[in-house]
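Asks: Found this in TrEMBL, in case it helps:
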BINDING   Arg71, Ser72, Gly73, Asn84, Thr88, Val89, Asp90  substrate binding site
DOMAIN    19-150  domain 'dUTPase-like'
Amino acid sequence: MVLPVTVRVRRVRTHPEPLPLPRYETALAAGMDLRADIDGELTLGPMERAAVPTGLALALPPDYEAQLRPRSGLALRHGITLLNSPGTVDADYRGEVKVLLVNLSQEPFTLRRGERIAQLVVSPVSRVSLLELELLETTERGEGGFGSTGR
Ligand SMILES: O=c1ccn([C@H]2C[C@H](O)[C@@H](COP(=O)(O)OP(=O)(O)OP(=O)(O)O)O2)c(=O)[nH]1
Ligand SMILES: [Mg+2]
C-alpha cells in the first residue's frame, strides 16, 4: 500500500546504538510503536510517572496531529499507561516527543532502552472558527447529558 502522507522526523539524541525508527508493526496497524530512548533502565514505582524520551522530533504536515496512545499489553500486564492519554503532538511542535508514562500497578516496573512504550497515531484534524451567538438552535437532547439517557 502506498502511504500518501510523509512525516519528517529528526533524531534528537546521539547514541552508539541508535534505535530503529518507528514503523507499523503489522500490515494495517493504526499506530507506529514508539521506543524508549533511554540509557540503560528506568524504574517506575507504584503511581510514579515520567516523561520518557523517544529521541524523535516530528514535523507533521499542517492540519495533522499525532496522538500518543498506550499499548494495551503494557496496560493489562503491568498497569503502565499514559497519564494524559491521548497525548497530543501539534503540527507546529518541533521538540522531542515524550511519552508520559505512569505505573498504576502496585509493583515497580522497569523499562529498558529500546522497549516499545506507546503508539503514535497520525490523524487529520479539523480546525474551526467560533461564532458567538445569544441563542443556539434547539435539539431533542437539549441540555441533558452525563447519564441523562439512563444507565
Ligand atoms: O504526551 C505528550 C504531550 C505533548 N507533547 C508535546 C507535543 C505537543 O505539541 C506539546 C504541547 O502539548 P500540550 O498542548 O498537550 O501541553 P500543554 O501543557 O498545553 O503545553 P503547551 O502550553 O506548550 O501547549 O508537547 C509530548 O511530547 N508528549
Ligand atoms: Mg497546549
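FYI, residue positions are counted from 1 along the chain as it appears here.
A Cβ is built for glycine as well, from the same backbone N, Cα and C atoms used for every other residue.
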Asks: Which binding-site residues out of Ser72, Gly73, Asn84 lie by ligand 1, going by a Cβ under 6 Å?
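Replies: Checked binding-site residues vs ligand 1; flagged Asn84.
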Asks: For the domain 'dUTPase-like' (19-150), would you mind checking the mean pLDDT of the predicted model?
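Replies: A mean pLDDT of 98 is what the model gives the domain 'dUTPase-like' (19-150).
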Asks: Whole number in angstrom, please: the longest C-alpha to C-alpha distance across Arg71, Ser72, Gly73, Asn84, Thr88, Val89, Asp90 for substrate.
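Replies: Farthest Cα pair among residues binding substrate: 26 Å.
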Asks: Applying a 10 Å Cβ distance cut-off over all chains shown, what neighbour count does Thr88 (substrate binding site) have?
Replies: 11
Asks: Mind giving me a neighbour count for Ser72 (substrate binding site)? Other Cβ atoms within 10 Å of its Cβ, every protein chain shown.
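Replies: There are 10 of them.
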Asks: In the structure shown, with every protein chain counted, which of the binding-site residues Gly73, Val89 has the densest set of Cβ atoms within 10 angstroms of its Cβ?
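Replies: For the binding-site residues Gly73, Val89, the Cβ with the most other Cβ atoms within 10 Å is Val89.
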Asks: Please identify which of Arg71, Asn84, Asp90 has the densest Cβ environment, defined as other Cβ atoms within 10 Å, among these binding-site residues.
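Replies: Its Cβ has the most other Cβ atoms within 10 Å: Arg71.
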Asks: Would you mind splitting the domain 'dUTPase-like' (19-150) into helix, strand and coil residue counts from DSSP?
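Replies: Taking the domain 'dUTPase-like' (19-150) as a whole: 7 helix, 54 strand, 71 coil.
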